[in-house]
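Comments concern the structure below.
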């Protein structure tokens, strides 16, 4: 097989709490991550040269080493030079559907797909933990994107503990086209404003993680209780992003007032989502929010949660 086409799902955060600082400059986090059906399409194809060639179609994404998908291919070449010698370089074709700089791990999902695609293309036979270990060298969200589904993520987000399949929601997703939020800015601003409350000793952080594990959100996921899950979603970064970006705060308020079980910003934003039990309910929330907002700068998506990460679309 000389090419593989893969589906790279986006993710939403059902929970994001910042515990404190890490020695490496990142934050110690507790997150609950959930894959959704909205995703990019990535094709990896042997090209008969030694080169990585990345095509992003109509997307404004760069096609060089500033792109995570390109860096994922370079990482595989560096780690498996014999496979690169045997199979040669790769053409990567990326078709974007996940909005960029949106808090949905679009770039991370693309990188994860390249790792999985080259594992298949080069017949490496890597295990999921091996792929996740490689992914962690590129970015904090990428290990989750490999297997996807529902997971609690700790450390800087790369330590994963799979949870029972939380695939029980329809999701209304919305984002301002003109607004991008810098993830480093969001975390740095949170540190400036709330750093005095950080738990910076291991014992306190362990105790807090244990409390979250035993808390109502995780219990709701264990028992597949959509109402309980949606009632306990939480994102610390809303405290800094929403005051700094009033249109995002307004979008969140409009979505929340349109119905559904629960509304929140995903990751560092600016995407906002509402969880719904059924497709019909989600369609109603979408229609009401569109009518209330009437803003041509806002894009909406209707999607649903899924129980997997990267998948082969064809072979």
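Cβ coordinates come from backbone N, Cα and C, glycine included.
The annotation active site is assigned in Swiss-Prot to 11, 141 on the grounds of sequence analysis. Residues or ranges marked as ATP binding site by Swiss-Prot on the basis of sequence analysis: 99, 100, 101, 102, 103, 104, 105, 106, 107, 108, 109.
A map of Swiss-Prot features onto the structure.
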residue : record           : contacts (Cβ under 8 Å, 6+ apart)
11      : active site      : 33, 34, 35, 36, 104, 105, 108, 109, 141, 144, 145, 148, 266
99      : ATP binding site : 106, 175, 177, 271, 299
101     : ATP binding site : 180, 181, 182
103     : ATP binding site : 13, 181, 183, 265, 266, 267, 268, 269, 270, 271
107     : ATP binding site : 67, 68, 69, 100, 139
Under DSSP, is residue 11 (active site) part of a helix or a strand, or is it coil?
strand
Hey, what's the Cβ neighbour count for residue 141 (active site) at 10 Å?
27
Counting only residues outside 99, 100, 101, 102, 103, 104, 105, 106, 107, 108, 109 in the same chain, those with C-beta within 8 angstroms of the ATP site's C-beta centroid are 10, 98
